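These features come from TrEMBL:
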- Q134, C135, Q136, P266, Y267, G268, G269, M270, E271, R616, M617, K618: peptide binding site (BINDING)
- H295, H299, E318: Zn(2+) binding site (BINDING)
- E296: active site, proton acceptor (ACT_SITE)
- Y383: active site, proton donor (ACT_SITE)
- 516-660: domain 'Peptidase M1 leukotriene A4 hydrolase/aminopeptidase C-terminal' (DOMAIN)
Amino acid sequence: MTSAIDPCSFSSFSSCVTKHLNLTFHVDFDSHVLKAKVALTVEVLVDHFTSLTLDTKDLKVSKVTANGQAAKFTLGPKHSFMGTPLEITLPFDLSRGQHVIVEVTYETAPNASALQWLTPEQTAGKKHPYLFSQCQATHCRSMVPCQDTPAMKHTYYAQVSVPKELVAVMSAVRDGEEPDPQDSSRAIYRFRQPVPMPSYLIAIVVGALESREIGPRSRVWSEKEFVDKAAYEFSETETMLKTAEGLAGPYVWGQYDILVLPPSFPYGGMENPCLTYATPTLLAGDRSLSNVIAHEISHSWTGNLVTNKTWEHFWLNEGHTVYLERMIGRSMESEQFRQFKAMGGWKELQESVNTFGANNPLTNLVPNLNEVDLDEAFSSVPYEKGFALLYHLEELMGGPEVFMGFVKSYIQLFSYSSITTEEWKHYLFTYFKNKVDILNKVDWNAWMHTPGMPPVKPQWVSLTISLENHSPGCYTFEPHFCYFVGLFLVVIVYLSSQSEVCVKSMPHLLPRYDSTMADACIALCKRWVKTKEGDLGNFSEWDVKTLSTHQLIEFLSLLLQQEPLPLSHVKRMQEVYQLNSFNNAEIRFRWLRLCVKSKWEDAVPMALKMATEQGRMKFTRPLFKEVYNFDKYHEEAVRVFVAHRAAMHPVTANLVAKDLKVDNDKST
């Protein structure tokens, strides 16, 4: 039996559990607050139950009732990042199995960490204000007093009063709208979420929104300036949904809408049920970044349907989601594409480990999060180290079809619940009961509880085969077959001395990624690294003509792992490849980092422009740090950050301030 404690929450879920929330929001753009009520339906798990604790952060609580009777409440001491416990004493005793409705009347703070209030000038339309929430991981408590832990899953109903010229959407099914009977200048939007979900998935957006239908169960939402472009970019959503259903089972959430947020949204996407958030940096016009939507769609099963019980087990959400996302890519593209994305993910993991330090316990797959601010702990580790483990197990258990059978069964078994790593592992051994001897050889402690890179590194595999009477060529095999292909080739060599067989890379029984798609990227990277200044004329625009967008991103990523190129090289690269003209955010981000690393001063204004025109932390933080580390522009990085801080999402602003060693108090 696992302990009913979450180190990131004041609430204990051993004595009571929240079953339903009824939310009432009055959105006040003048004061930047939500004037709100929440009625929590709570089930009691123990006898003689008289009190409960809810998570809050900077909330102004004015009244608490229990089943309509006044209840005493106190706000405890404020924690630096966890907020403040709200202690509620009931006016009566309850027994195990009984329910109580606890209603809290409150107001959010203007600087609530879950909410970003945008002025009209910060929007695309420039006419109306905009509000959006971002509750993951522990910010819902700044918007709703609740048991703010992923262990707690509940349904919710909401009514939201907004100025009538604006539209409200939430992470729920729309349930109608009507004029606000209290104020003719306002409208009320209603929402219902009948599928139990954790508090971090509650989401609200209010703005001058329009929508377009992109499928039988999907719409895309954004300001009108982006809505048609977004509809084009995400037109394959239904195909992805059907592909995911074929892999993981039925989609249970009804509607799957996508909302393109303003540029300050700090993440690539957020998997809010019924309303996936997407960064506008995805609107590249070439549909090349659909893997972000594939990732968020995958969360509908791994994360939203089966959820990590506490944030220490976050890899259960993200590792499985990356695995399912890449299986969608495999179905829609090819196995080579999946392998190519896996190779890129390994490099992202290496960069995170390098940033934290190889001995930092936050690089554990299952870290200890006591007194850890989750915003500062965020990285690719749970995503890519989690995927690496699942890929390793896939190899050991018999390949993607076999292991995907386990993943689907795991989802079916644990749907609508929150679980721990121990529960996942126990089911893994149960499902593969005939292969327990193989599973027992896995170094589980090294994978789960040891910092740094995984204990097993995949090998890049490329098989080149040349046989007499056959045209020489490169034949690609799914990696789990490579060992057996090797044995087969040895037999061929033995039987035919006139046959030539070359196996470039075949270490015994190690996980392998097919490097076929990466080979061109690696070769071009090596050319640039090894070329002397006098030979730069050998490069031309044709070097990248045959590379896909994904391969061009990989090429630049490989260069970023090398020592900085000479300034002459990056100038020549711009001359022949015209990379400054690329609008794709993933390409532009890597290119600008590469230029700043090489001390090209012309790139500094472009890097700072990208860092401030959008707020996706994946781009903004590294760009600011890159300029900050360019000694000549150290102060310029700080100056630009301070000038733009007010327009940034609070999470982004706080983390960039720490990156640039800016005093938080003095920079506001």
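Any Cβ shown, glycine's included, is placed from N, Cα and C.
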(request) Just give the helix, strand and coil counts over the domain 'Peptidase M1 leukotriene A4 hydrolase/aminopeptidase C-terminal' (516-660), going by DSSP. (result) 113 helix, 0 strand, 32 coil
(request) Could you list the residues of the same chain, at least six apart in sequence, whose Cβ is under 8 A from the Cβ of Q134 (peptide binding site)? (result) A114, Q116, A203, F265, P266, Y267, M270, Y277, H649, V651
(message) Using the alpha carbons only, what distance in Å do you get between H295 (Zn(2+) binding site) and M617 (peptide binding site) once rounded?
(response) 17
(message) Please list, in sequence order, every residue of the chain apart from H295, H299, E318 whose Cβ lies within 8 Å of the Cβ centroid of the Zn(2+) site.
(response) E271, E296, S298, T302, G303, N317, T321, V322, E325, Y383
(message) I need the CA-to-CA distance for Y383 (active site, proton donor) versus E318 (Zn(2+) binding site), whole Å please.
(response) 5
(message) I'm trying to understand the geometry here, so how far is the Cα atom of E271 (peptide binding site) from the Cα atom of H299 (Zn(2+) binding site), in Å to the nearest whole number?
(response) 6
(message) Just to verify a number: CA distance, E318 (Zn(2+) binding site) to the residue listed as 'active site, proton acceptor', in angstrom, no decimals.
(response) 10
(request) Could you tell me the mean pLDDT over the domain 'Peptidase M1 leukotriene A4 hydrolase/aminopeptidase C-terminal' (516-660), as a whole number? (result) 95
(message) Using the alpha carbons only, what distance in Å do you get between M617 (peptide binding site) and H299 (Zn(2+) binding site) once rounded?
(response) 20
(request) Could you round the CA separation between G269 (peptide binding site) and E296 (active site, proton acceptor) to a whole angstrom and send it over? (result) 7
(request) State the count of C-beta atoms found within 10 angstroms of the C-beta of H295 (Zn(2+) binding site), not counting that atom itself. (result) 23
(request) Take the Cβ of Q136 (peptide binding site) and count every other Cβ within 10 Å, whichever protein chain it belongs to. (result) 25
